Amino acid sequence: MAEVSEVLMSVLSTIRVPRPGDRVHKDECALSFSSPESEGGLYVCMNSFLGFGSQYVDRHHTRSGQRAYLHISRTRKAPEDDENSGSGDPPKKKPTRLAIGIEGGFNVEQEQYEEEVKVVLFPDRQEVTSDDLATMPDVVRERVSLAMAGLMSADSVSHALQVQQWDGELRAESRHAVELKQLNNGTKIPPSGWRCEVCDLQENLWMNLSDGRVFCGRRYFDGSGGNNHALLHFQQTGHPLAVKLGTITPDGADVYSYDEDDMVLDPKLPEHLSHFGIDMMTMEKTEHTMTELEIAVNQRVGEWEVIQESGATLRPLSGPGLTGMKNLGNSCYLNSVMQVLFTVPDFQSKYVSNIDKIFNEAPSDPTQDFKTQVAKLGYGLLSGEYSKPAPDPGEGSEPSSEPRGDQVGIAARMFKALVGRGHPEFSTNRQQDAQEFLLHFINMVERNCRSGVNPSEAFRFLVEERIVCQQSQKAKYTQRVDYILQLPVPMDQATNTEELQEAERRREEADSSGAPPPAPVRACIPFTACMAALSEPETLTDFWSSAAQAKTTATKTTRFASFPDHMVIQVKKFTFGQDWVPKKLDVSIDVPDTLDLTALRGTGQQPGEELLPEVAPPPLMTPDVEVKGILGSHGNEEDDSLYSPLLSPVLDDSTLSQLCEMGFPLEACRKAVYYTGNTGIDAAMNWVMGHMDDPDFSAPLVLPGTSSAPGTTPTESFSEEHLATIVSMGFSRDQATRALRATSNVLERAVDWIFSHLDDLESMEVSEGGRSAAESEGSREPPPGPKVRDGPGKYELFAFISHMGTSTMCGHYVCHIKKDQQWIIFNDQKVCASEKPPKDLGYLYFYRRVTE
């Protein structure tokens, strides 16, 4: 032990005690998914606080020279039977609260472990326990003991990111509650017998707290719920708060703020109810609260019946390429996307085949390196090392008659934290749109593969847009890069129209009689009808023709200029109703196993076809802005492109307010009103619907002639912390500055903006001196166009991602992948052979090229 004491003394200066702000990785290996529960445990460097599994700790010791590691190993205790345990503990209760990790909430699996902690000195792996430290010199004992205690008590990075305690019932106080104006209209609400004033519906009723009027709630995509009359009343009157009748008890009630679009608290609820004759102390609950409805949905999520395979016993699978992923709290969108991507050979060869090279070239902190963490995830999914059945629920419990399909799987916490860092949505634990995450991840791959092999090229293709002026018959051709084909859903082409009409008639009869609503009927849309809607010409009624020098009508046709190796198709199931409320189309589409897009290839300029002259249209004038002759605060007679910030366009307040009330971003509404020349709500609404998919849809309005180039405002300053955050994501300081300038120095918006303008940023290639290439070498050749692959337009389906729920922002995602002619379902940690893959109900479809 004297020899060990001397070694500890020699490395004492490298042993640190964690301080606030230090990133401690004591739950997960930086290069694998090993943890303290894994065989061999986890070694935490006592200097950098990085964790390593037994297969990678020697590598870190060799590269860093660090010798002292805290070894943490945990052995799972056999749990006692929940209902017949000798401890006398009551059986597990059903959840009564929409929460995780607190009393009444959903049970979070809290495994019981026996933990062993000791210091290990490399390279000889000499072990030092707490008892051994007691015999060592004071300076060694105190320093090492303090470091061990600090490491064990520090919150690990993964713990801070993981949802250990989440309460979906914590509601904010409404900003309208305290000063809510209530009309003295004599309205008194009886204690029962309520009906919607418009449709006589007798359930899901909401009383407006401003005027006491009673209307039904929102109508869900499947036909259930109400008929949106409470929402329509808010849109007509602006009265923001409503209480759900039937949920009022002495303890409170469900209160919804339409203006804040959320469930809220009303601290003056007894007073507000009393105004309309309702005594909270005498009311009894007769309706399900919104919390109870959400709990019922959450209990069903993940069950096989939700994904349309309840009629079969699914056979669990395991092995290479068959590894489940733990749900980290609404991370099923990420799990589904990454499972599919790592079946694509380009991603396998880029990250998994080169994993040793990637790890050898990793920076000192591999947890913050994109390439390292993607390679780690890819190897975890494909190697089969973590594709093992989950531990039995407990000894003494009845064995399940059906295979469970659960695996130990992998928890991609480091990966999720890295790809979501700085993003206003993907950095949270809220549910997200799988399509948006796919594009976000592809953007990150593009940025990190500017030099070298780029696997996202497998999805990249060129779109050809041909616009023909109907007055001159001259054409204009443009090309743009895309990664996803968005497929429209023409509801008017349903093949079961009579059945849908009959279902609607039965639903209306049930509403009028108060009977339970009938089972909804799903619209059946032919895939050929969707493709026809995609390929049909679009009429442009406000097209400025450079040939006619005037606005006229034109037709726009969209075709493929190239066919990618892998085609991603998004079914546009999410849309807006006539009242502009987002909804999901409940449709069945006969998506084919094979696809031939050859007929949709663009042909370019035709023989004898004349092109429109390359002349820019005149700028749109608004009453208070002239294009020329107005000097900005930094302008001069030679350069009048800088406008005074005091000169902003006059926008029609009425139109702007109506758009904002529909829930669209303020900046998007301002642009809609501006670019339609204050011509009214219809024109502005059409502009919004036509530009919702634009990457800068919610970016600030930039007037024609103004400049957003770096350096236009000499006195501007930006948060160094914000700059450092964006630079740490792989962008240059110039690019970070440009993003912050475009978004008024708001970090979350700047990160969103920078990912939406990657093509623009490509031209800002940074030289070694820190200046952009345009500044340092004016004669440099322009950057080449995007690299695309091309080939035959024939494809076969190999994967699809399905979504269950009323919105992309809630519900659940799973994916089905075809491997060796067998469809396999990946439902987070469950991996099973699929018996009836619901190909007609998918959201994202993945095709691979068929080579002849």
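Including glycine, each Cβ sits where the backbone N, Cα and C put it.
Record features, source TrEMBL:
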type	residues	note
REGION	67-97	region 'Disordered'
DOMAIN	172-280	domain 'UBP-type'
BINDING	CYS196, CYS199, CYS216, HIS229	Zn(2+) binding site
BINDING	TRP206, ARG218, ARG219, TYR220, PHE221, TYR256, TYR258, ASP261	substrate binding site
DOMAIN	323-850	domain 'USP'
ACT_SITE	CYS332	active site, nucleophile
REGION	385-406	region 'Disordered'
REGION	494-520	region 'Disordered'
DOMAIN	650-691	domain 'UBA'
DOMAIN	717-757	domain 'UBA'
REGION	766-791	region 'Disordered'
COMPBIAS	767-776	compositional bias 'Low complexity'
ACT_SITE	HIS812	active site, proton acceptor
For HIS812 (active site, proton acceptor), what is the tally of other C-beta atoms lying within 10 angstroms of its C-beta?
24
So among ARG218, TYR256, TYR258, ASP261, all listed as binding-site residues, which is physically nearest to HIS229 (Zn(2+) binding site)? Use the C-alpha atoms.
ARG218
If you count the C-beta atoms lying within 10 Å of each candidate's C-beta, which of the recorded positions CYS196, CYS199, CYS216, CYS332 ends up with the smallest number?
CYS199
By CA-CA distance, flag whichever of TRP206, TYR256, ASP261 among the binding-site residues is nearest to CYS199 (Zn(2+) binding site).
TRP206
Per-residue Cβ crowding (10 Å cut-off), top of binding-site residues TRP206, TYR256, TYR258:
TRP206
Determine the minimum-neighbour residue: among ARG218, HIS229, listed as binding-site residues, which Cβ has the fewest other Cβ atoms within 10 angstroms?
ARG218
Given the binding-site residues TRP206, TYR256, ASP261, tell me which ones have a C-alpha lying within 10 Å of the C-alpha of CYS196 (Zn(2+) binding site).
TRP206
Take the Cβ of ASP261 (substrate binding site) and count every other Cβ within 10 Å, whichever protein chain it belongs to.
9
Other than CYS196, CYS199, CYS216, HIS229 themselves, what residues in this chain have Cβ atoms within 8 Å of the centroid of the Zn(2+) site's Cβ atoms?
GLU197, VAL198, ASP200, LEU201, LEU205, PHE215, GLY226, ASN227, ASN228, ALA230
Do you know offhand how many angstrom separate TYR258 (substrate binding site) and CYS332 (active site, nucleophile) by C-alpha?
29
Just checking the recorded positions TRP206, TYR256, HIS812: which sit within 10 A of the residue listed as 'active site, nucleophile', CA to CA?
HIS812
Can you give me the average pLDDT across the domain 'USP' (323-850), rounded to a whole number?
79
Quick one: pull the CA-CA distance for ASP261 (substrate binding site) versus the residue listed as 'active site, proton acceptor', whole Å only.
22
